[in-house]
Amino acid sequence: MTYPERPLLHLLTRTSLVGQIIVGLIAGLLLASFFPAAALKVGFIGKVFVSALKAVAPVLVFVLVMASIANHKQGQQTHIRPILLLYLVGTFSAAVVAVIASFAFPSSLVLASHPGEMSPPGGIAEVLQSLLLSVVDNPVNALISANFIGILAWAIGLGIAFRHASDTTRNLLSELSNGVSLIVKVVIRFAPLGIFGLVASTFAESGVEALKGYAHLLVVLLGCMLFVAFVVNPLIVFLKIRRNPYPLVLTCLRESGMTAFFTRSSAANIPVNLQLCERLGLHEDTYSVSIPLGATINMAGAAITITVLTLAAVHTLGIAVDVPTAILLSVVASICACGASGVAGGSLLLIPLACSLFGIPSEVAMQVVAVGFIIAILQDSAETALNSSTDVLFTAAACEAEERKASAA
C-alpha cells in the first residue's frame with residue numbers, strides 16, 4: 001500500500017537514521033554559511049535535543065542495569081572483566097600514541113591568555129578520591145547530577161537485592177526498563193533535528209577562523225585520535241575476535257561516533273550506544289553495565305588530549321623529556337583520563353596535573369587549559385566520538401570472543 005498524500009512521512013520512514021543525520025548536518029552547515037543569524041536561533045533545537053538525551057540517560061542506566069541484574073539467571077555469563085581490560089589497554093595505548101606523535105611532530109603554544117576561575121585537581125590521589133566519593137553518592141543526587149559511577153553502584157546493589165524478590169516484582173522492573181527504552185527510542189528519532197541545530201549554531205558562532213592559529217596542534221591531536229580509531233583499536237579488536245575488525249569498527253564510528261561528535265557528551269550518547277548494542281545482538285546483561293561504565297572510565301580521547309597538550313607545553317618551555325618520564329606520563333595520562341568524567345571540565349582541567357610531572361607552574365598550566373578551550377570545538381567533539389564509539393566496539397569484541405570460546409568448548 002502506498003501513501004502518495006504523505007510523501008514526507010514515507011521518506012522519513014524509509015530513510016535510515018544515519019542518512020537523516022547526514023542531511024541534518026549538511027543543512028546545518030549551509031544555514032550557518034548563508035544565514036548565520038538564523039543559524040544562531042535554531043541552535044535552541046540542538047540544546048533541547050542534548051538536554052533530552054542527558055535527562056533520559058541517568059534514568060535509563062539506573063533502570064536498565066537494575067532490571068538486568070534482578071532478572072539475571074544463574075548460569076548466565078557476563079563478560080565485564082575482559083571489557084574492562086580492553087578499556088584499560090585502549091586508554092593506555094592511546095596515551096602511548098600521543099607521546100610518540102608529540103615527539104615526532106612537536107607543537108608550540110602561545111601562552112598568554114588565562115581561562116578564568118577554575119579549580120583543577122591537586123593530584124592523582126584527589127582524582128581517585130573523587131571517584132570513590134562518586135561511588136557512595138546519595139542515589140537521588142546521583143540521578144540529578146548524572147553521576148554515572150554512583151548510579152551504577154546503586155543500580156547494581158538494588159539489582160542484586162531484587163534478585164531475591166518475587167517474579168511479579170522482577171517482571172515489573174523489566175516492564176519499567178522496556179518503557180524507559182521506548183522513550184529513549186523516541187528521543188533518538190529526533191537526532192537529525194538536534195544535529196541540524198547543533199551544527200548550525202556552532203559554525204555560526206565560531207566558524208573555522210578561531211582555529212587557524214592552532215592548526216598544527218589540532219592536526220597532531222586529531223591525527224592521534226584518527227590513528228587510534230582506525231589502526232590501534234582495530235588491532236586490539238582483531239587480537240580479540242581473530243577476524244577482520246573493520247566492519248565492526250566502521251559500524252560503531254558511523255552509528256555511535258557521529259552522534260557523539262555533535263552532542264559532545266558521552267553521557268548523552270549512552271542511549272544511542274545501548275540501542276546500537278541491541279541492534280548488534282549483544283548480551284544485554286553485559287552491555288547494560290559496560291556501556292555506562294565505559295562512558296565513565298573508557299577515555300582514550302581524554303588520554304590523547306592530556307598527553308598532547310602537556311607535551312606541547314613542555315616543548316614550548318624547552319624542557320627535556322627522557323623515555324622513562326614519557327612512559328610515566330602515559331601512565332599518569334591514562335589514570336587521569338579514567339577520572340576525567342569525575343572532574344568538572346573533563347580532560348582539560350586534568351592537564352595541570354600532568355604538567356606537574358615536569359615542574360610546570362600552575363599559572364602556565366592553566367594557560368595551556370585556555371588553549372584547550374579555544375580548540376574545544378573540534379578537540380572535544382573528536383574526543384567524545386572516539387571515547388563513545390570505543391565503548392560499543394570493545395563491548396561487541398568481548399561478547400563475540402566469549403561466544404566463540406563458549407561454542408568451541
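Positions of Cβ are set from backbone N, Cα and C atoms, glycine also.
Here is what Swiss-Prot records for this protein:
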TRANSMEM  17-37  transmembrane segment
TRANSMEM  49-69  transmembrane segment
TRANSMEM  83-103  transmembrane segment
TRANSMEM  142-162  transmembrane segment
TRANSMEM  180-200  transmembrane segment
TRANSMEM  218-238  transmembrane segment
TRANSMEM  301-321  transmembrane segment
TRANSMEM  331-351  transmembrane segment
TRANSMEM  357-377  transmembrane segment
Against the transmembrane segment (49-69), which of these stretches has the most C-beta pairs under 8 Å: 17-37, 83-103, 142-162? 142-162
Non-local residues, at least 6 beyond the ends, that sit with Cβ under 8 Å of the transmembrane segment (17-37): 188-189, 191-204, 207, 254-255, 258-259, 262
Of the stretches 142-162, 180-200, 301-321, which racks up the most C-beta pairs under 8 Å with the transmembrane segment (218-238)? 301-321
Contact count check, CB pairs under 8 angstroms to the transmembrane segment (83-103), set 142-162, 180-200, 301-321, 357-377; argmax is 301-321
